[in-house]
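**Student:** The compositional bias 'Basic and acidic residues' feature in TrEMBL is assigned to 37-64. According to TrEMBL, the domain 'Myosin tail' annotation covers 6-129. Per TrEMBL, region 'Disordered' is recorded for 36-64.
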């Protein structure tokens, strides 16, 4: 009977030890599951962040292409306007030279007229003095 009692005590001790280990394993399992869920949530968030960053990058690339096309268009407009400005300046210079030449010709004509009028005035003054 003592032997059975010792065996029973040994079995009870082993049972309690195994139950303790089982509880520890359940606690480890719960902790591992909790860590897994947290890791899964972080992974989902990281994937969502990566997707958003990819969308943002795509939008920025499209915006950059749009800005580049606009810049090239504006550069072309600047070149065209520079050509038109150069042509307008050349035409204005050419027209200005023509106007200056006409005005100089008119000045010579008026100076000639003035000389003629001054001679006639002097002649008239001499004739008045003789009379």
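Backbone N, Cα and C atoms are what each Cβ position is placed from, and that goes for glycine too.
What TrEMBL says about a protein is an automatic prediction, not a curated fact.
Here the structure is a predicted model, which means the values were calculated and not measured.
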**Student:** In the region 'Disordered' (36-64), how many residues does DSSP assign to helix, to strand and to coil?
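**Tutor:** When I sort the residues of the region 'Disordered' (36-64) into the three classes, I find 29 helix, 0 strand, 0 coil.
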**Student:** Going by DSSP assignments with H, G and I as helix and E and B as strand, what are the residue counts for the domain 'Myosin tail' (6-129)?
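**Tutor:** DSSP classes over the domain 'Myosin tail' (6-129) add up to 124 helix, 0 strand, 0 coil.
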